[in-house]
Amino acid sequence: MTIKKYTLLTALSVTAFSGWAQGNNTTDNNNEMVVTANRFPQPKSSVLAPVDVVTRADIDRWQSTNINDVLRRLPGINIAQYGGPRQLSSLFIRGTNSSHVLVLVDGVRLNQAGISGSSDLSQIPISLVQRIEYIRGPRSAVYGSDAIGGVVNIITERETLGSTLTAGLGSNGYQNYNGSTQQKLGDDTTITLAGNYDYSKGYDVVAKGNTGMASQPDRDGYLGKMLWLGANHKFNEQFSGFVRGYGFDNRSDYDSYYYPGSPLVDTRSLSSRTYDTGINFSNGGYASQLIGSYSRTQDYNYDPSYGRYDQSATLDDISQYNLQWTNTYQLGLGNVGGGLDWQKQTTEPGTNYLSNGYEQRNTGVYGTVQQFVGPVTLEGAIRGDDNSQFGWHTTWQSSAGWEFVDGYRLIGSYGTAFKAPNLGQIYSSTYGNRDLKPEESTQWEAAITGITGPLDWRLSAYRNDIDQMIATRGVYPNSRYYNVEKATIKGVEWTGSFETGPLSHQVTLEYLDPRNADTHEILARRAKQQVKYQLDWQMADLDWSVTYQYIGQRYDSVFDPITYAASPVKLAGISLWDLAVSYPVTSHLTVRGRIANLFDKDYEMVYGYQTPGREYYFTGSYNF
């Protein structure tokens, strides 16, 4: 795509876009609009950072049963999970920590419970997801804390009128039932309702007790329920508004350390509620959006024999208030943007091992710019955050792209980012340290993109230096959080997509060197090499999908059950294949089948925790 074409698309984007949080699909993947990169709508092809978009059609074609199964297919992502679906998981982008990933839901920061400060995406129902926008690289200058490795924006709004009912069955007693509908009330109001129920008997995620704990022969299953309700209203040609609320309740079983004579805490019960409302304004080249949001997450871990309210149980109870005002203005051959973010988090006593309730507030102000100057694209952003705990923090980033030949572009970028410590890391009587400072990073990336015949490709090389990393020091019960580590992460990444007749191909080749800058040890649970291949085609009314992933060897730790001392252990590399097929029985009814881990490979993503092995799924969907 030439500079002239996406300059025109960007110039038209402000007036063409009706809802910033939702994104927009088009038939041309390069021209589809994304909102996550710079917080204003722009064609995907005009964004200098690497961007991937997953639609609901992709999720249905791949027949993914959880968000981690979707994200593992995308470039730059490693996932470590303590077993199978709904077990605790970590998401690593380009070798950074799982706490270095900013997760948004409909453009609003996800409420994160837990002392690690990481988002556990295994708990978000896949039926809630209508679209995912995924940005690799630093984005703290746009969003503030957490966006060191990248940003994942989960969009929940159904994009088309109509109704869908789905039922599915699968291995390990898996059941899923969900439905959604979007209907017009008059000419200017749209109502959306969705619900989901899923269940699995599960399997024993630690069958042999080889994590150092005693063997606990049982099934580690889960049960989840979700409800989503929203309304959009167009007041006139300039103003529109929305209100939405959603919640989910999950219960999952896991294997935990057991001490004879004491309760066995091996059940997690997570309840999450979120309520958003907002108003959009658009007039000529100017657009503005104001959103207010409230969410509360309650995360219990307990022994079901004693109950959630026994003294052996733990509860992370966090409320989050968000207010964000976003503006963009068409200026010249590009856009300028800016806005204000305000957030308050409060905790109840007991959360993250806190003896008292605490509160943390953050106010951020930012500005962005994108301009086209002949064959050159320029991007920049700057942001300041005032945090009630650690004060003022400034981040910035800049990028430039030069289309030196029609269809080929050189890109260079540099940016700073940070991760603020959470309330548990600061105030916990067990692990806390009130002198903690934010983690900081500096990153650069050089890339070349091109369209060579049918092949649309990108080659990137990057380096990320992270300082003041937060980690525990000492052996339990005398361990504390400190700013003690540094990391240097280097990587090379090639992505390409092309079509050969009816076949659609997507390929990712990655080499990653993530190291502790002081000890030069490889960071845990990151693969140095990954190969990902997605093949989709249609034949005789059958839609086929084949997924291949090679994950190189990784390093993990095994802990002595008496001394808690850690020893390194190597996890072998693995090649995984998935096969999925769907068939439209009628114009309304589609049946789908999937085999996950086609060759029944035995592997681990976290040492000692089993993955499910080969699994079978069958689903039917009815649209009307």
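Cβ atoms here come from the backbone N, Cα and C positions, even for glycine.
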**Request:** Tell me which range among 35-42, 163-170, 467-474 Swiss-Prot lists as transmembrane segment.
**Result:** 163-170
**Message:** The Ca(2+) 1 site in Swiss-Prot lists Gln216, Asp218, Asp220, Asp255. Which one of Asp204, Asp249 belongs there according to the record?
**Reply:** Asp204
**Prompt:** transmembrane segment per Swiss-Prot sits at which of 70-85, 390-405?
**Reply:** 390-405
**Complete:** Of the ranges 24-33, 114-123, 174-183, 344-353, the one Swiss-Prot annotates as transmembrane segment is 174-183
**Request:** Check each of the ranges 46-56, 222-232 against Swiss-Prot and return the one annotated as transmembrane segment.
**Result:** 222-232
**Item:** Helix-strand-coil residue split for the motif 'TonB box' (31-38), DSSP-based
**Value:** 0 helix, 2 strand, 6 coil
**Asked** In whole Å, how far is Asp218 (Ca(2+) 1 binding site) from Thr314 (cyanocob(III)alamin binding site) when you measure between their Cα atoms?
**Response** 22
**Prompt:** What three-state secondary structure does DSSP assign to Asp255 (Ca(2+) 1 binding site)?
**Reply:** coil
**Collapsed DSSP category at Asp220 (Ca(2+) 1 binding site)** = strand
**Message:** On a C-alpha basis, identify the one among Leu88, Asp266, Arg525 that is nearest to Gln216 (Ca(2+) 1 binding site); the candidates are the binding-site residues.
**Reply:** Asp266
**Asked** Just checking the binding-site residues Ser90, Asn97, Asp204, Asp218, Asp220, Asp255: which sit within 10 A of Asp266 (Ca(2+) 2 binding site), CA to CA?
**Response** Asp220, Asp255
**Message:** Give me the long-range Cβ neighbours of Ser90 (cyanocob(III)alamin binding site): same chain, 6+ apart, Cβ under 8 Å, in sequence order.
**Reply:** Ile79, Ala80, Gln81, Ser98, Ser118, Asp120, Arg525
